[in-house]
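Peer 1: Feature annotation from TrEMBL assigns repeat 'TPR' to 31-64, 169-202, 271-304, 315-348, 382-415, 450-483, 487-520, 521-554, 659-692, 693-726, 761-794.
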């Protein structure tokens, strides 16, 4: 027995077997001899005899863990189920470090059977027994990497393996692949470099490094790697031109790849070689040449037999021909080619999909059937779901299109295209908030997706979130997109500023847009309106002049230019405005807006009857135009026809209820002496629009007339909060504060009124009354003198200054003022 063990340990298995056989003849019950002879047979690959001896050893000694382990190793490939049982019994008998190999082999079998959790448990048991077994680290890491998608855990396990054995090239390669999965290409290249350092003659490592460098867009370094491979093993590449072509194609050297394949075809003109050549030509964008190659492949197939074989390879040729036709936009021929591919191989999802695309571009409803068939054959076909979403979206069936995008995102959860298109569909479906969520996700995945920023800005605009919309428009302009996008952004942002009432910024955006489209009259029209709103009327006129140069028949331009002339308030400008309104009416006699503007123009010129006629014509043209009734009411009021004005205002209010119209009716009621009705109108105007300053001011006036000074003060203050530069409200509040003896507030209001209206005699006159009441006669005399310098023929002010000067002891001057007051009054009475 010892003699046999001696030869077994020295791997002299034939002599060892003879010795163990001799022992067994003398002692058939010797389990140890059976065990060793079985192991020796296994070493000599006499597996049947080995299994018999190991089984006999186990029969004699059922607790021999080594026999179970050895038999499991032999049966691992031929009978994995029995091998699992043997390894399990072996570790049950002996679970110490001495038998860690049983755990290791059982883990390998579990991995081969895709029982990942059991395999991981066994490899972890190996590591618990011996931390130096790098194979266990690598095995768990590969399961995490290839099957469980737990890339970071895989990286840690490969790192542990490298720490145990820094020269293990397999660990570096595996970790590089894991880094590649998480798009950490820099570390992936670093690990491949380490592997190359350990095995500098392994060509596949150079190819892998070239692939990673190409993904990093370091094309020169990538190409260098492939050249290194060819230099390292030049003869083998010459003997394998197909592989050489693959490498050149990988390096984007398509012409060289085509040359290699032409060499192959010269010696081996087979259909598969022509197909391979055609694919390379397609990559090189040589579509016509690619189609010729595929057609030659089909001719060779037909030459070898009377009919085309119904194989996938044949169908693929027609499929590729169809792709070439699509590239050339020959859609009908492409459709026929895909149909042939389907006829040859009925389970070809890509052929159904491409035919569906052709039919969709041709406007054929049958395309949806092809997409459905594609998904029936391949439920994970991302492109089919997206194309079906596009089809339903084009038909306005947005909900169904969104459902298809949802399915696409289940297949590819990080698809920029799917999130972007779903966001567009939700926008079209008017669900703006959820559209914003999808567009934001698109931007998270691709920070430079210009269209996502643009559509999100438009969506923010729709939900009135102007701040975020402006931010997105600003980002778009910083990204320097195409001129078309810049133009649209400037127009949209300009419109947004208009909606916010920020006409200055809107004007700047429209002017920038005009540089991109200098012949677009609508942009200059918008610029003119913005200038009008910021009271730059001369610039507005220039803009409308430009509109009329580009479009001499623009009615709106004539009307808006006329309004700009009107705002200047001078007689010549009003005459010019009248000409513009008349030109607009000459171009379109039914333009209600032009007639209303002409009516106000004639009213400003004092031609009330003609103004009334224009408003009446406007009412006849459009009986539902409340502005025409309102304009006619204002003319009637100026003509003293209070009741007619009241009727027109009521007619306007029947059409629409606005704070302005209610306030106008309140003014008419006030003229008619119906103060309670006027107050009711002002209060209704405030309820309709709480920010309408004129209603507060007029209501304050009624309270003032009724001597309800506290209420009047409140309303004047509210009017001034809304319109701080309303000089009438400031002066009236100053007078009210004077009456209420709010001296400090009254002085502040008069000071503000003077700054707003430095040439108003009424302001100085009323402040003089305040100073007179405070017995500050010198200040009172100064203010009344200023008032008289502005309005010199006012008897009342002379009388008041006479009283003030009398208080100051200036009797002669007081007497002169009194005489002047009498003289002016006598002149007035004699007229």
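Including glycine, each Cβ sits where the backbone N, Cα and C put it.
Note that TrEMBL annotation is computational and uncurated.
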Peer 1: Looking only at residues six or more beyond either end of the repeat 'TPR' (169-202), which have a C-beta under 8 A from one in the stretch?
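Peer 2: Distal contacts: 134, 137-138, 141-142, 145, 151-152, 154-155, 158-159, 161-162, 208-209, 212-213, 215-216, 232.
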Peer 1: Could you tell me how many residues in the repeat 'TPR' (271-304) are helical, how many are strand and how many are coil under DSSP?
Peer 2: 31 helix, 0 strand, 3 coil
Peer 1: So, by DSSP, how many helix, strand and coil residues make up the repeat 'TPR' (382-415)?
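Peer 2: Its residues fall into 27 helix, 0 strand, 7 coil.
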Peer 1: Pop the mean pLDDT for the repeat 'TPR' (382-415) in here, whole number is fine.
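Peer 2: Averaged over the repeat 'TPR' (382-415), the predicted model reaches a pLDDT of 93.
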Peer 1: Which sequence-distant residues neighbour the repeat 'TPR' (271-304)? Criterion: at least 6 residues beyond either end, Cβ under 8 Å.
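Peer 2: Distal contacts: 242, 245, 249, 254-255, 257-258, 261-262, 264-265, 313-314, 316-318, 320-321, 323-325, 327-328.
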Peer 1: Summarise the repeat 'TPR' (659-692) as counts of helix, strand and coil residues per DSSP.
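Peer 2: With helix first, then strand, then coil, the repeat 'TPR' (659-692) has 27 helix, 0 strand, 7 coil.
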Peer 1: Give residue numbers and ranges for long-range contacts of the repeat 'TPR' (487-520): same chain, 6 or more residues beyond its ends, CB-CB under 8 A.
Peer 2: 454, 457-458, 461, 466, 469-470, 473, 476-477, 481, 526-527, 530-531, 533-534, 550
